[in-house]
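Single-structure report; data block below.
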Amino acid sequence: MWWKQHSLTHQHLSDSTLLDERIRLERHHITTGAVSVTVGAAIVYALLPRSTASAWWFAFQLLLGAGWLIFFGLYNRNPDKFRDWWPRVSTLASSLRGFSWGLGWILFVGAERTDDSLLYIILYAGVIGGGLNATAFSRTAMLSFGIACNVPVIWGAFLTPDYFHVWSAVAAVIYTLILLRLTLNVNAFLMDALERREREASLAKRLELANQEKSRFFAAASHDLRQPLQAIHFFQYALDKSLKSKHDREVFTKLQEATDALTDLLNSLLDISRLDTGGIDIQKQPALAHDLLQRVYQRYLSMAVNAGITLEYVPVRVWLHTDPKQLERIIQNFVVNAIKHIGKPGGRIVLGGRRQGKALRIEVHDNGIGIPTHAQEAIFTEFYQLNNPERNRQKGLGLGLSIVRRLAVLLEHEVGVKSEQGRGSTFFINVPLTSGGKLPVIATGMDTEGGAPQLPGKALLVEDDQTVLKSLEMLFRLWDYPAITATTLNPAAILQQHRDIHLVVSDYQLQDGYTGLQLIQQLRTLSGRDIPAILITGNTSPEVLETIHAAGIGVSYKPINPRTLRHAIDRLVTTLHPPA
């Protein structure tokens with residue numbers, strides 16, 4: 001029964017996996033064993049009475065050891081070629097070694113040579129123990145070795161059936177069987193551990209594939225939805241400039257709120273996709289905590305007042321080592337969450353920080369309804385919301401804290417929450433302190449309408465979605481920027497028709513696998529000028545983003561707010577064509 005039990009242990013493991021693990025374990029054990037056994041054979045030959053038979057026995061041990069080392073060297077030089085040979089060579093070498101030491105029993109063990117017999121028996125016992133341990137991964141090799149060791153011993157007992165030979169042979173067989181049983185237990189343990197590791201690796205691989213598929217779905221779905229949404233944003237901007245009546249503006253405001261809600265959802269999905277696919281570049285630098293926290297406080301003070309909530313800021317004047325842009329996003333999320341979920345009128349939120357060793361713990365504390373203990377980890381997962389079964393979007397989407405957790409991992413900052421029901425919550429993030437440095441510049445995204453710099457030439461607009469292209473063209477007319485649209489994607493033809501192109505605004509994904517990046521690079525090469533350019537994309541592939549950044553071209557993600565696009569264009573034009 002015990003043999004049957006062990007024989008079923010690795011039924012779920014592939015032959016390839018078993019072979020790889022066997023080679024990994026036996027490379028050390030059998031090679032070390034071959035050297036050790038050869039040394040033991042030399043001791044036997046040197047100390048015990050010599051004869052022609054013992055000389056041949058010793059020569060065979062040397063030949064066997066040398067043969068294994070040669071095969072081991074061949075395998076190391078070309079593992080792929082000799083990989084499939086390993087089980088046969090290993091089993092044969094172990095069996096021959098065991099059989100030769102069994103023959104040595106006949107040569108060196110006898111009642112009239114007690115001292116010599118004792119030395120050989122001790123070495124023989126060591127060879128059996130070491131050999132079974134070395135072949136523990138393969139039951140075939142293990143049994144072959146055990147049988148090969150004992151067949152000559154039993155044969156010797158029949159050849160010389162005296163008391164000493166019979167009982168010493170019985171003792172050797174019993175010893176081998178005991179070790180064989182123990183080694184089979186080791187084999188079962190190895191198989192169980194390997195099967196468990198295989199299951200865990202398979203599960204981890206499936207989880208990774210599922211995560212990649214989810215990220216690809218988010219990226220594809222957001223890109224397909226962003227095209228029409230981008231056109232809506234541009235047309236809305238143009239419509240806003242022409243509305244006059246109060247009723248029209250009320251309807252427009254509601255339309256804008258609905259569009260903004262959809263944009264928030266897609267931006268959150270895009271953020272998650274970019275975080276999961278490594279599409280966000282972390283740039284750590286010294287940052288002044290006061291500037292960062294005060295900016296968040298000022299930005300959300302009116303939102304808190306409108307909600308009947310007191311928002312306070314306790315100034316903190318230390319330098320932090322972080323990515324200020326991403327850290328600000330995290331703190332903004334904490335503050336907005338507190339405002340939305342404080343859960344009672346007349347609430348109070350305090351933004352501040354306190355030193356903890358070599359770090360600053362930035363905290364957002366509220367005196368709201370608190371978070372149950374069982375939910376304090378779950379709130380950092382996607383779409384998890386407390387007390388919002390109706391999915392009221394005014395209470396958020398359930399994605400903000402999931403983004404916070406991912407950003408904190410990238411920043412290598414500890415993030416968490418402490419809460420007690422009925423007494424409020426404290427969200428925190430621990431940020432390393434550093435010495436003072438140059439103040440980082442963080443883009444504010446402010447609108448520059450009213451004082452736009454002038455292009456010395458025309459802007460080329462490239463977009464394969466005609467609706468988005470028309471809306472983009474309308475924006476440029478409103479901004480008084482001279483613009484043309486490409487009727488062809490042939491850069492030479494474009495430059496032949498329009499030689500005064502001084503700005504390119506292009507979608508990344510164009511027709512038939514052709515990209516806006518390729519078009520811009522070809523236009524620059526053919527014109528001999530470093531034409532300013534901005535790419536607009538919904539593609540979150542880290543490879544794509546890395547390629548764009550390496551080319552030194554600005555990139556914005558759909559749907560981009562028209563004012564944000566205007567700001568980016570104005571900043572680029574001002575940098576390259578400063579006013580006189």
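Cβ from N, Cα, C; glycine included.
The domain 'Histidine kinase' annotation in TrEMBL covers 220-435. Marked as domain 'Response regulatory' by TrEMBL: 458-573. What TrEMBL records for Asp507 is 4-aspartylphosphate. Sequence annotations record features per position, and here TrEMBL assigns transmembrane segment to 30-48, 54-75, 95-111, 117-134, 141-158, 164-190.
Long-range contacts of the transmembrane segment (30-48) within the same chain: residues 54-55, 57-58, 61-62, 64-65, 68-69, 72, 90, 93-94, 97, 101, 104, 108, 116, 119-120, 123, 126-127, 130-131, 134-135, each at least 6 residues beyond the stretch ends and with a Cβ under 8 Å from a Cβ of the stretch.
Applying DSSP to the domain 'Response regulatory' (458-573) sorts its residues as follows: 53 helix, 26 strand, 37 coil. Mean pLDDT, taken over the domain 'Response regulatory' (458-573), works out to 83 on the 0 to 100 scale. Note: Asp507 (4-aspartylphosphate) has non-local neighbours Val462, Glu463, Asp464, Asp465, Val468, Gly516, Leu535, Ile536, Thr537, i.e. same-chain residues 6+ apart with C-beta under 8 A of its own C-beta.
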